[in-house]
Amino acid sequence: MSGVSEPLSRVKVGTLRRPEGPPEPMVVVPVDVEKEDVRILKVCFYSNSFNPGKNFKLVKCTVQTEIQEIITSILLSGRIGPNIQLAECYGLRLKHMKSDEIHWLHPQMTVGEVQDKYECLHVEAEWRYDLQIRYLPEDFMESLKEDRTTLLYFYQQLRNDYMQRYASKVSEGMALQLGCLELRRFFKDMPHNALDKKSNFELLEKEVGLDLFFPKQMQENLKPKQFRKMIQQTFQQYASLREEECVMKFFNTLAGFANIDQETYRCELIQGWNITVDLVIGPKGIRQLTSQDTKPTCLAEFKQIKSIRCLPLEETQAVLQLGIEGAPQSLSIKTSSLAEAENMADLIDGYCRLQGEHKGSLIMHAKKDGEKRNSLPQIPTLNLEARRSHLSESCSIESDIYAEIPDETLRRPGGPQYGVAREEVVLNRILGEGFFGEVYEGVYTNHKGEKINVAVKTCKKDCTQDNKEKFMSEAVIMKNLDHPHIVKLIGIIEEEPTWIIMELYPYGELGHYLERNKNSLKVPTLVLYTLQICKAMAYLESINCVHRDIAVRNILVASPECVKLGDFGLSRYIEDEDYYKASVTRLPIKWMSPESINFRRFTTASDVWMFAVCMWEILSFGKQPFFWLENKDVIGVLEKGDRLPKPELCPPVLYTLMTRCWDYDPSDRPRFTELVCSLSDIYQMEKDIAIEQERNARYRPPKILEPTTFQEPPPKPSRPKYRPPPQTNLLAPKLQFQVPEGLCASSPTLTSPMEYPSPVNSLHTPPLHRHNVFKRHSMREEDFIRPSSREEAQQLWEAEKIKMKQVLERQQKQMVEDSQWLRREERCLDPMVYMNDKSPLTPEKEAGYTEFTGPPQKPPRLGAQSIQPTANLDRTDDLVYHNVMTLVEAVLELKNKLGQLPPEDYVVVVKNVGLNLRKLIGSVDDLLPSLPASSRTEIEGTQKLLNKDLAELINKMKLAQQNAVTSLSEDCKRQMLTASHTLAVDAKNLLDAVDQAKVVANLAHPPAE
């Protein structure tokens, strides 16, 4: 049908929230209507869901139901959004999918008339009903700001029309702007620099698809790298825009290319002779356009129109006659078809209702008896609230008028029946209030007569139909779950008011339980809770279900040793798909993974992230994650690599496991099956540690109780004598007992040969007095031997003071020797010392201890590298030596500045090291041709080793930056220093290799005297 302007539409973009008002209205179907007169219309509309089952609504009606009733019922249902003020802007379009034939349905037409007039022309399944915005206010930009739902709906409609009709025709610059505006609006929580990350952009490309935002032709014409850079740069320009600002910017940009507020029809004006014109109909009235270069000429304003009539002509043509106030004759417009004339008539009539004083229809129809009527009955003038009230009063609660196509992915066959009679449940006190309604404590009497304490979730009476479906979706999912650590569903009452009945757990939410009992809960118990929730999540993983809301507030405590996961209101089955795309805006941002915040993408991997946050909550005794941040700031922190800090009582191995779960790349996170094994090991380890600590607490070391006869402190008992084991060790006969070094230093009596009689002469040892040694009979306090008198206690006290003085003197000596050893080790770690020192190091003698030879040389620590002195050669014009020294200075600068620099400046000092290394390797490459071939292999190998050292230093730097705010920060800095030291040592080894090769080639000279 030529000349018919197809309205704008789009299916998959938008952000529409459901209202929280009165219940959804219903189109009343009289009880006495025969079955053949009942119809079910599938009306498509625009929504934010990628699930096709969410983009339409089935409306049950009769052949006598008017189109206006269907439109109003959908608007009041809340399916497209809340608080619609401009209801008169909406219309219903009937479109034939195979031929693009279009019919705009007048509000006063009945369903029966539509079927008799239009649907009979083609197969019924080939027709589609679309809810569209067709009539716009005069200043629609400002008017739509007052009605956010209509604004977003019109935007979605326009976006769809742009992608279908204009995207391939606009310039690349405009296509880039419009695509990035939609990116900013659609991913409104994404930070401005999110697309700079390669992983984020790949996720957008593969999982979401650039086809939603940019025309395919543009993607094919540009190189991928160039296209990506253009998107990143353009996106930065719109990063600060809010959703409404993106929409308005889109309108203004596209308006420069196409008319977004009017429809154009190619037709003929009949004025004695026929003039072919483009008739432009929009908020400004009816205008004609004779050529593209001229301005439109106004033919009539909508306030001037008094009547509209369509008359068929021969050869499928038709005439549209408009009666205009003050004009001697009507304005006659000749169209190519009757359908086109009727579509124009509906458009003009709609604008007359919107802008004119007369709210009824101006279209005149011929009756069967030949009589004319001036107009059809007026459309009811009730506003939305009054009509909502009127419809609610006229509808029966039990009537089954609206029915969504059931989501079969949420309804699984088999399993027990959960229907419960309301009289079997008695409600008691209110436990709390949820999003949908109150939660009650109650008692359920089952078929055996047993009384069971239950929790009853209720749904508010004024909840919309869509929210009721969401409320019931939790029960639908819980029907299929059976796990010892998942809340058990008892039953469902689907009749109004809807109830969901579940097990009652007296200890309540885990978050409150942790806060109340934080002084008594031990670490093994906390780890046990995490293990149990992990097992529940592994079960959900096995049935392809994502939870999306794992937090302590959604975990219930069944007993002090058992917790259960609940609240499946956000859960979804993902079936064979890899992920679930969220369409709601009420999401727990501080618990979510980066891909969930940026792209609303939920997978098992995002559940792993949330589970790790939940573990952090448990080990923090219920603290909220990122409680020091606002929701909008969380993604920026995560993008920088920052993570939650280690809780005080969290075992380091468990925190390491958490950080693995917080990997930015979802594919690098562990699965729940792996986490169950790891947590089981950690739990067993913590249990063993707790048992050992308890055993140590029971067996305390011996102590002397204070005598009651005096108030002075009692003397400390001397340490029990150690008797070595007999030499009949069956496992290792030659193995001797060795006292640990740390114990020797603090307890010299244990290693004194005078006080360790051998098994041979121990029988001839003279008996010891009571005040010299206390023999310990048991570890109980009441068995300790008390001194018999104050004098004996005083002697013990003096003897202990003498021994303590000897211990302190011996420890001071050892401290001096240890400090000397530490200084030598520090000199070993400083490459500058060995490169400039031409004599081997010797232990220094400390004044006052000349006779003391010191302890034997301690073995080198693991990882310490042996550094030899640099050759004593003439270094004049020696670029290799000069560059090595410069590199070492850069390493020392890194060592000295690392503690004071912020993490973002680490790259400056590391870059300085890298530049100096490049100069060093360049100078060696210049010298290499003059060196013997036999030496080149070693030199080239050392060069490769230096490159690896630099790569390791860079990796350690990145690790230190990522963990700057965590408890691992200092450890990461130490690793960074170790990597830099290794690089400096290998640089010195390269210098030695070059010096040796120069000696072989007779290129080296001794230093000038």
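Each Cβ is built from the backbone N, Cα and C atoms, and glycine gets one as well.
Because the structure is a prediction, the values reported are computed rather than measured.
The domain 'FERM' annotation in Swiss-Prot covers 39-359. The phosphoserine annotation in Swiss-Prot covers Ser361, Ser399, Ser762, Ser866 (among others) and is backed by similarity to another entry. For Tyr402, Tyr579, Tyr580, Tyr722, Tyr834, Tyr849 (among others), the entry in Swiss-Prot reads phosphotyrosine. The annotation phosphothreonine is assigned in Swiss-Prot to Thr765, Thr842. The feature region 'Interaction with TGFB1I1' is assigned by Swiss-Prot to 801-1009. Per Swiss-Prot, region 'Focal adhesion targeting (FAT)' is recorded for 868-1009.
Reduced to three states, the DSSP call for Ser361 (phosphoserine) is coil. With DSSP states grouped into helix (H, G, I), strand (E, B) and coil, the region 'Focal adhesion targeting (FAT)' (868-1009) comes out at 109 helix, 0 strand, 33 coil. The average per-residue pLDDT of the prediction over the region 'Interaction with TGFB1I1' (801-1009) is 76, rounded to a whole number.
Just so you know, the Cβ of Ser361 (phosphoserine) picks up 23 other Cβ atoms within 10 Å once every protein chain is counted.
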